[in-house]
Amino acid sequence: MNSDIPDPSDWIDSKLSGLKDVDETLRCHICKEFFTAPMITGCGHTFCSLCIQRYLTNTSQRCPTCMQEQQISQLRKNVTVETLVEHFSAQRATILRVVKEAAKQPIPEVVEPPSSPDLDDGRRRSGRKRTRTNYTETLVSSDDIQVECPVCQAMLPGAAINRHLDNNCNDTGANGGNWLGTKKKTKPLRKIQRVNQASESVANVRRKLQDEGLSTSGSKQTLFRRYDEWVTLWNANVDNKTPRSKSDIKDDLRRWETTVVANENAQPVKMTIKNIDDRQWVQKHKEDYDYLIEQARKSILKKKQEKEKEQQQQQEGHQKAVDRREDNEPDMKRSETEGYQVVS
């Protein structure tokens, strides 16, 4: 097991080998890392926000898993998966360490000491007493829990939430300042709309780049690609539970331009799916492939039947025309013969 480079294979030789599947499920199908700002597609598959936006923008407008057509506008935040990843990744190293240490320790033999009725009664009474004590401590400590105000999003002790709401969120703590630990949430970041290269002018894109504090140099293609990548990076950052600063996103854009846009004629960056075993892929998606193959066969058979039916109808129509012509020929011959009769 290697906790320095987290990988699902870390669990294979442990007593918790079943966590390998959990570990794999909480990873993005594109980058193979734990989900960052996970987004769910219209077809129900989840990817990192940045990964899926780059993939749909630069590679294909189809889901990398099931190949159904997808649009960026269909993406939605997957809050449940984000929470699962947060908790699992936070405890992953600890669980691995505990499992590894437990595997090295011999299992001690449990020897039951002789018991007496008085001793058992004492244990039961002591257990009940400890239970009551712990319950009391839990009740007392629950008032100290920090909760979020549903109106102003301030954090304050649970016992003070009602008074805080009664005062229209204008009350203060004992020291005259805000409640201990109170911190109002900053204004939520907003996503940026993408531009259509076919209808958007270069001057307008250059103005948008300038408004964002970005470079406005380069050709038309460079400007559009720069702004498109900025929108991808920024919107993915907005999806993140803990967004980074704008300067950090600008640094990401500069690194992208340095490594990807080597010149004006550089091809769009391609998102590739790495480290995939062909046999595992086929086995994992066998049902999907079987379904697609069956649908393709039905489609081919249907087209073939329609073509045969059309040909048969054409042949029948041609045969009817021939039959009608043959039926009319004797009458025509008879009329011609009668027309040449000599009247005496």
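Cβ coordinates are placed from backbone N, Cα and C, and glycine is handled just like the others.
Annotated zinc finger per Swiss-Prot: 28-67, 146-174, in sequence order. Per Swiss-Prot, region 'Disordered' is recorded for 107-132, 302-344. Sequence annotations record features per position, and here Swiss-Prot assigns Zn(2+) binding site to C149, C152, H164, C169. Here Swiss-Prot flags 197-231 as domain 'SAP', drawing on sequence analysis. What Swiss-Prot records for 303-337 is compositional bias 'Basic and acidic residues'.
According to DSSP, C149 (Zn(2+) binding site) sits in a coil region rather than a helix or strand.
With a 10 A radius on its CB, C169 (Zn(2+) binding site) counts 15 other CB atoms from all the protein chains. In this structure, H164 (Zn(2+) binding site) is part of a helix by DSSP. Considering other CB atoms within 10 Å as the measure, the emptiest surroundings among the binding-site residues C149, H164 are those of C149.
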